[in-house]
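Taken straight from TrEMBL:
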COMPBIAS  495-509  compositional bias 'Polar residues'
COMPBIAS  510-519  compositional bias 'Basic and acidic residues'
DOMAIN    14-463  domain 'Major facilitator superfamily (MFS) profile'
REGION    495-519  region 'Disordered'
TRANSMEM  12-31  transmembrane segment
TRANSMEM  51-70  transmembrane segment
TRANSMEM  82-100  transmembrane segment
TRANSMEM  141-161  transmembrane segment
TRANSMEM  173-193  transmembrane segment
TRANSMEM  261-287  transmembrane segment
TRANSMEM  299-321  transmembrane segment
TRANSMEM  330-354  transmembrane segment
TRANSMEM  374-398  transmembrane segment
TRANSMEM  410-432  transmembrane segment
TRANSMEM  438-457  transmembrane segment
Amino acid sequence: MGYFNRLASNVYFIGGFAAIAGIMFGFDIGSNSGVIGTIQYKDYFHDPDSLLQGGINSALSAGCFVGALFAGYPADRFSRKYTLIGASALFIVGSLLQAAANGVPMLCVGRALNGLSVGVTSTVVPVYQSEIAPKEIRGRLVSVQQWSITWGIFLAFWIQYGCQFIQNTAAFRIPWAVQAVPAIILVAGLWFFPFSPRWLASQGRLEEAAQVLADIHGSGDVNHPRVKQEMYEMKATIDFEENVASHSLIDLFKPGLFHRVCLGVCLQIWQQLTGMNIIMFYVVLLFEQAGVGDDQQAILLSSGISYVINVVMTVPAILFVDKWGRRPTLIFGALMMSIFLWAVGGILATQAWSVDPISGKWRVNIVGKEKINGMVACIYLFVATFATTWGPLGWVYPAEIYPMRVRARAVSLSTASNWLFNWVLNFIVPLLMERIRYGLYFLFAAFNTLMCLHIFISYPETKGYTLEEMDVVFQHNPRKRVPREILDQWMAQKAGQTENNLGPVSSANSEKKLEASDV
């Protein structure tokens, strides 16, 4: 096996390469965030007002919503790998359209195409990663997707920061064109990576699935005990879902499961209502409105620091996501973010606001360097808190809580809700910045306070439980851990039910478990 083949069989390399799709999304946020504050952009597009700028920004989110909503079909029909390749190719087209835009309509079309691509990849990449990864590192591997998004935002912003010194339209065309680079890498490289073994098994291609598992977990040996064990479990699960469980879309709305669907959807909506994406997207305008810095370069530099913090502070979440626990991390994150936003809003509320006679937009005159530094510090601390808590867990938690037979559709629904609210916020936030000004921070602070209470009341801890045990976890008090004896009793009953329905498959699986334990 050659060096590249060994890399293509390394689970970390596979998951990390697929996460390049997160860089695509981050590139689109970071490049546009810096671009919209430059003189070159404002001059070429005739200084878009709040309503028009909201429409330009929301074109991406609208495309993401549609892409996420319908991502499940191509992922099941054509494979996770081919779906990611197709979505990446679409992203290249969208990036080139943005780079060549001769007006707002063409710019919006390019952003909408990029949105379709990101909507698909943000749904399919976590599924692909989770189906490739062993259970011991699944949470960590899925969290890399969020880290890739932060890297995309970071790189794109600083590329734009360098380009803003160019005194023509290349100042924004180059950052938009560079967005295509990670998509080109994905299109060229994904052909050499394996299909999801679970997708292969669901298509009846069991020998290929076994070989993929062997390459990843068994050094190419299909007779490796772990490979055989996973193949038996995989086939038993697929047979159970085909012969026993219902596959109707109506399942999502049945008692018990509907509660979990609501929790997953609400968590993704809450992630948007933290205000993080809005702050990252409009950080340049926020600092400009608050009077941070004396010129455009100072404002961009102050804004860029937040992107560095976002990248660095996501690392602890990746390392410790399986140790801290989901529930306390989410509660702590929401509580701290609300405190920082209340503080920023309080500082701005006590200052003098006036309309700029040139731009016609609101500006605030903050008296005292210590107040400016305090406001900037609170925004930086807000970013750090989100990066360590709600950033990765907003994607990890929904992927853990659904049964296998509905997981793809349920994750697609929760992801689509995330992008729907992202679109709404991108459209209305520029208006709110002009209408309620500092009240915008109070609004998102209130949202963070509410989500803190919602998590405490309704969301159970999922750390330490297998995916199969989630059915029991969500039947008990969310504020208490389920006793191990109850889980063992339930699993024993489930095993008996499966054996009665599947016969030879379950028996073979049981025999193989004993055989594997003797090795």
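Cβ atoms here come from the backbone N, Cα and C positions, even for glycine.
The stretch from 51-70, 141-161, 173-193, 330-354, 438-457 with the most CB pairs below 8 A to the transmembrane segment (410-432) is 51-70. Pairs of Cβ atoms less than 8 Å apart link the transmembrane segment (330-354) most often to 438-457, out of 51-70, 141-161, 173-193, 374-398, 438-457.
Taking every recorded stretch in 51-70, 82-100, 173-193, 374-398, 438-457 and counting its Cβ pairs under 8 Å to the transmembrane segment (141-161), the highest total belongs to 374-398.
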